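Please find one structure pasted underneath; my questions will follow.
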Amino acid sequence: MPTRSLPTFLTLLLLASIDWVSKLVVLLKSCQLSPHSSAFLYSYVWGHFSFLIIPSFNEGAAFGLFAQYKIPLLIFRVCVILGLALFLRIKYKSLHRRTRIALTLILAGALGNVGDILLHGKVVDFLFLSYYSWRFPSFNLADAFISIGTLLLIGHLYFTKESKKCF
C-alpha cells in the first residue's frame, strides 16, 4: 500500500471501528437493563425535539427495505464495498481530496453495517430523533457516515468549479 493512501486506509478502519464499538456498547448496556426499566438507554429532550438511544435491529437496507432478500442484499453490499475500495485504490492519486473523504466515509459506513450483518444477521440501529410528531427512523453511526459522505460527494459534484476533476 502506498504511503499516500495510508491515512485514508487508517481513517476507514478508525471510523468502522468507532461504529462497531458504539454498537457493542449499546448492546452491552441494553443487556444490563432490568425488565421493568424503560427501553431507552439515554434521552435528551429540548422543547419538541428529542434524541433517544434505543437499540433496535434492521434486517433490510435503509428503512428496512428489502428485508426479505437478505442474501442478495448482502452480496450487493459486499460488491459495492469491493467496487468502492477498488475504485478508491486505483484512482487515489487522481481523485480530489473531498472526493476521497466522501468515498472513505461511505466505505466506512458500508463496512460497519456489513460487519453487523455478518456478526448478528442484522444491522444494529440505536439513534432516534423526533420533532413534534415527526419521527425519523432509527439509525447508527455507519448510516450517518454514509449520509454525510453522500452529501459531501453530491455537494462537491454539483456545487464546485472543480467538479469536472472529481473523477
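Just so you know, glycine gets a Cβ as well, placed from its N, Cα and C.
Straight from Swiss-Prot, here's the annotation block:
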TRANSMEM  8-28  transmembrane segment
TRANSMEM  46-66  transmembrane segment
TRANSMEM  68-88  transmembrane segment
TRANSMEM  101-121  transmembrane segment
ACT_SITE  D125  active site
TRANSMEM  139-159  transmembrane segment
ACT_SITE  D143  active site
Can you name the far-off residues of the same chain, 6+ from the ends of the transmembrane segment (68-88), with a Cβ under 8 Å from a Cβ of it?
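Sequence-distant neighbours of the transmembrane segment (68-88): 5, 8, 59-61, 95, 100, 103-104, 106-107, 110-111, 113-114, 117, 121.
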Residues of the same chain, at least six outside the transmembrane segment (8-28), with any C-beta under 8 angstroms of its C-beta?
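Same-chain residues near the transmembrane segment (8-28) but 6 or more away: 1, 41, 53, 55, 88, 92, 100, 104-105, 107-109, 111-112, 115-116, 124, 126, 140-142, 145.
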If you measure D125 (active site) to D143 (active site) at Cα, how many Å is it?
9
Using DSSP and collapsing to three states, where does D143 (active site) fall: helix, strand or coil?
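Going by the DSSP assignment, D143 (active site) falls within a helical segment, counted as helix.
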Tell me, how many other CB atoms lie within 10 A of the CB of D125 (active site), whichever protein chain they belong to?
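D125 (active site): 22 neighbouring Cβ atoms within 10 Å.
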When you measure from the Cβ of D143 (active site), how many other Cβ atoms are you left with inside 10 Å?
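Taking every protein chain into account, the count is 20.
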Give the three-state DSSP assignment (helix, strand or coil) for D125 (active site).
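Assignment for D125 (active site) reads strand.
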